[in-house]
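Undergrad: Dropping the structure in here first, questions after.
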Amino acid sequence: MNIDISNLKVQCMGEIANVKNLKELEEFQIKYLGKKGIVKNMLKELSTLPSDKRAQAGRQLNELRDFIESQINELRKKFEEEEKQKRIQKERIDVTIPGKRVEVGAIHILSQVQKEISEIFLSMGYEIAEGPEVELDYYNFEALNIPADHPARDTQDTFYISDDVLLRTHTSPVQIRVMKSKKPPIKIISPGRVYRSDEVDATHSPIFHQIEGLFVDKGVTMADLKGTLEVFAKRFFGEETRVRFRPHHFPFTEPSAEVDISCIFCGGKGCKTCKGEGWIEILGAGMVHRKVLANCDIDPDEYTGFAFGMGVERIALLKYEIEDIRLFYENDLRFLKQFR
């Protein structure tokens with residue numbers, strides 16, 4: 001071993017005094033303490049020394065290694081603290097700078113209305129059921145007693161993905177799925193998005209929202225349906241609201257009716273909104289058709305039921321006197337902020 005250990009220590013002290021940052025410190029550590037470093041190589045050469053000098057040289061090398069490690073550790077702490085302080089200064093927040101106003105979001109008006117409608121029916125013992133928006137023709141049409149030649153199946157009215165797959169045109173398929181998977185009594189509402197091939201205008205949109213209801217049990221009558229919808233109308237539109245049923249036709253209910261409420265703007269006296277009639281249509285309803293019950297393996301001689309369906313957008317338009325359905329979808333904050 002030809003290197004003088006005492007001189008090597010002086011050399012180390014001189015070099016480490018010139019180390020200015022963590023990168024240079026890493027290079028210094030590798031040079032002296034790395035696998036191929038100076039100290040490591042000197043330790044390997046100890047075996048070449050005479051036995052009477054080997055112990056002393058080994059002790060001196062260990063002391064040198066410990067000294068270098070202590071110097072490295074002290075410098076590392078120093079440099080890390082310096083970098084930390086630099087980072088703190090760089091990221092420092094000036095609390096005297098005026099803050100930026102954070103815009104607080106709110107629930108969309110359609111979500112508010114859907115929730116309000118749902119909560120009324122939930123309070124009457126209904127449960128919420130959901131289903132896929134991409135639906136099979138069977139659940140959307142066939143099981144609901146809508147034959148192949150029915151106008152509703154026209155490609156001009158329905159978004160078909162393939163011959164038997166489509167975007168649901170109503171949330172009624174949820175009712176079929178529930179009736180096929182559950183035995184009566186069944187008492188559900190099914191809110192959700194639906195799709196129809198309509199031109200966009202003030203009252204139509206190809207995507208809109210519905211809430212449909214279904215109650216199936218023994219002894220359910222039209223009187224139960226009328227009472228249920230009267231409760232809903234009075235709670236949602238006000239206690240003075242009156243309800244009337246007009247005969248109509250739906251393939252999935254028999255008898256069927258369109259349901260009107262007394263005009264909430266003129267009290268039934270006649271105005272521009274109700275076109276002078278004093279009544280405004282809000283939904284369709286009826287007794288579940290025997291064939292629909294049979295399609296779901298429910299005995300129509302033992303069970304009866306009623307169903308109803310309403311458009312959330314239509315209800316919102318009426319309640320808030322909004323004239324154009326497109327306002328719901330344009331994300332204009334000037335409009336949406338009115339319903340916080």
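Just so you know, the numbers here start at 1 and follow the chain as drawn.
Even glycines carry a Cβ here, placed using N, Cα and C.
For reference, Swiss-Prot lists these features for the protein:
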BINDING   E254  Mg(2+) binding site
Undergrad: In sequence order, what residues of the same chain, 6+ apart, have a Cβ less than 8 Å from the Cβ of the residue listed as 'Mg(2+) binding site'?
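TA: The list for the residue listed as 'Mg(2+) binding site' reads G286, M287, H289, R290, given in order along the sequence.
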Undergrad: Through the lens of DSSP with three states only, how would you label the residue listed as 'Mg(2+) binding site'?
TA: strand
